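As recorded in TrEMBL, the features of this protein are as follows:
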DOMAIN    1-58  domain 'Fibronectin type-III'
DOMAIN    64-159  domain 'Fibronectin type-III'
DOMAIN    163-252  domain 'Ig-like'
DOMAIN    259-353  domain 'Fibronectin type-III'
DOMAIN    359-454  domain 'Fibronectin type-III'
DOMAIN    460-557  domain 'Fibronectin type-III'
DOMAIN    561-646  domain 'Ig-like'
DOMAIN    657-751  domain 'Fibronectin type-III'
DOMAIN    757-817  domain 'Fibronectin type-III'
Amino acid sequence: RESDHRAWTPVTYTVTRQNATIQGLIQGKAYFFRIAAENIIGMGPFTETTKEILIRDPITVPDRPEDLEVKAVTKNSVTLTWNPPKYNGGSDITMYVLESRLIGKDKFHKVTKEKMLDRKFTVEGLKEGDTYEYRVSACNIVGQGKPSFCTKPITCKDELAPPTLDLDFRDKLIVRVGEAFSLTGRYSGKPAPKVTWLKDDIVLKEDDRIKIKTTPTTLCLGILKSVREDTGKYCVTVENSTGSRKGFCQVNVVDRPSPPVGPVIFDEVFKDHMVVSWKPPLDDGGSEITNYIIEKKDTHKDLWMPVTSSTVKTTCKIPKLLEGREYQIRIYAENLYGISDPLISDEMKAKDRFRVPDAPEQPIVKDVTKDSAVVVWNKPYDGGKPITNYIVEKKETMATRWVKATKDPIFPGTKFKVPDLLEGCQYEFRVSAENEIGVGDPSPPSKPIFARDPIAKPSPPVNPEVVDKTKNSVDLSWQPPRHDGNGKIIGYLIEYQKVGDEEWKQANLTADSCPETNYKVTGLTEGLTYKFRVKAVNAAGESDPAHVPDPVEVKDRLEPPELILDANMAREQHVKAGDTLRLSAVIKGVPFPKVTWKKEDREVSPKADIEVTGVGSKLEIRNTVHEDGGMYSLTVENPAGSKTVSVKVVVLDKPGPPRNLNVSDVRSDSCYLTWMEPEDDGGSVITNYVVERKDVASAQWVAISSSSKKRSHMAKYLMEGTQYLFRVAAENQYGRGPYVETLKPIKAIDPLHPPGPPKNLHHVDVDKTEVSLVWNRPDRDGGAEITGYLVEYQEDGADEWTKFQTVPMLDCVVTGL
């Protein structure tokens, strides 16, 4: 029964053994038990347990503790930690027992105090250099459990570890003025490192605003109510005997800027605007100045008017002023963190002090070349401000737009070489002056000039010489002058002088009549000796003369004829019919030879155009025909000799008609045609023959062969009894020649032969002066019906047969014998 109930509950009916297992009990409850013996007579009295029995699992010693670790080692102490056992044996842990064994000894010795429940213990009073191993056991109500696994052997000595540093802040930190900031982190190291804070390499110490807090593992620097002076490079140093680590942070304590630095300077003052300037603030608040805010105020009013809030320059134009009024200017500096206090200017009246320069006088142009000119001017009144630049402009006289001569400044000189002019164009120039106020009016335009190089007289011609002469003329040649004086050579003047005379005569009156470097002086007297000289002329005038070195006697110079053949005078010249035949040659000789063209030693055809010039001759025949072919000769002749060249000309044309067309072997369905090649093949190989036929009753010719290269053809597939005409033409690469035609029609029939001999000739009756004969028809009739039989007789012993008569039938009576 349960201890708190009075009713008993049977557990089993019969048990023959002296023990029993009771099932179905509830853990944690207390029970009483009783037992009675029974025999055949009945059940005896119960025996009851003396005290209640609490139901629970049996209690054992705890399991071994886990994760025994060495946390720290010094030269005289070891610190260990561990975790409780997985199973406490069914009873709470009452204490832990830590044991150690000196390496080299056999026994473990207890090192913990009585009743130690902490799972961390530092063993102290050890001897430096000794080596130990440790184990720990757990105890409960039953007793001490198994020891944990031993640590590795631990030698007592100071443990060294270089410092480590783990910071919570970045390289840069921005803080508003008045705010607090802190720099924190974690560190470690053995032995425990020393922590030092520095700012800009100066050690920081605690005061009312600076707080430094350091624990064995953390570090912290805090600054309350930061000021601009707290800006700087902060450094934390963690150092022990094994080394050091440093961490840095650039702290920027930012604020609105200080006011711009005065005074406000009035750089320019005009009746309607001013230009002011100032200096940047001494302190930009730790952040770049983003802009300045400029305001203006008429001193008669209390209202400040905005001018601009977007300028970053330290200068500003104040526009829209009223002439004669006094103004004050107010300037603020602004950064990301705010707007500074203002800088206020003195009062300033709006009125003109200065103006732009006056217009210069008309400029002068000199040193003109084909692509440049130098413009010179005088300095004008500068308007009260120094001139800083001159602007030179150019314009073609016919144009309307002025163009700056250069983008670069022109100062302080008052002349400028204008480049990039176009040769031959007419230009004019003007100049404007510029000062701080602006650009003044331009000067009046200069006098127009043409862009071209200045011209001087040319140098004399080079190497004049006599290249030919006749009985009344001399041909001169020379080279152009080495220097044309920058002007185009218009031409040359040629002069001659009879030896012994003083006067030079002009061969040509004007230079432009001899623009080339050669000239024929005519009208000279045969047999006399002359001197010659040549002058070059440009727009600036005549050059000095260049003399032909030696005097020249005027007489004919004899040179035998010479022929220089053109390519069309090769040995054989082929021309396609209808094209133009051209034969030409260069002819030399003094005097110029007589020119004669011939064909086959006869005059050339009247259709030929013959042209003779002073240097050669040309023969030309248009629309050539085959008959224009042949051997052409060119003869040149003068008193010094003659020369002849020949060229064979082949006019390539269609061939002539074939010859001797003949028809043979006529059959009822075919015949055989033969012919001979044309007398004239047109200058090209016969490629093939075209054969055609025509029924005499038809108007249409029909081709029966168009590619035969042979000079014969079997005409097949004729219709028996039909009369045909045939014709043949030859072809070459230039076309088909004329046809040759059969003279008379050919009838398609088989040929006729004499019939065969009559058969079985014999007599059937004989008289004294006549014989009766009979015979049979012959085997073959020769292709035509037999029209009769010729009967002949011969006297025995005679040589000749005598004709009797022709009979139509197969019998005959020969009489008169």
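Placement of Cβ uses the backbone N, Cα and C atoms for every residue, glycine included.
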Checklist outcome for this item: Secondary structure split (DSSP) over the domain 'Fibronectin type-III' (757-817) reads 0 helix, 29 strand, 32 coil
Next on the checklist: Return the average pLDDT for the domain 'Fibronectin type-III' (1-58) as a whole number.
Outcome noted: 85
Checklist entry - What counts of helix, strand and coil residues does DSSP assign across the domain 'Fibronectin type-III' (359-454)? => result 0 helix, 37 strand, 59 coil
Next on the checklist: Just to be sure I understand, if DSSP states are collapsed into helix, strand and coil, how many residues of the domain 'Fibronectin type-III' (1-58) fall in each?
Outcome noted: 0 helix, 16 strand, 42 coil
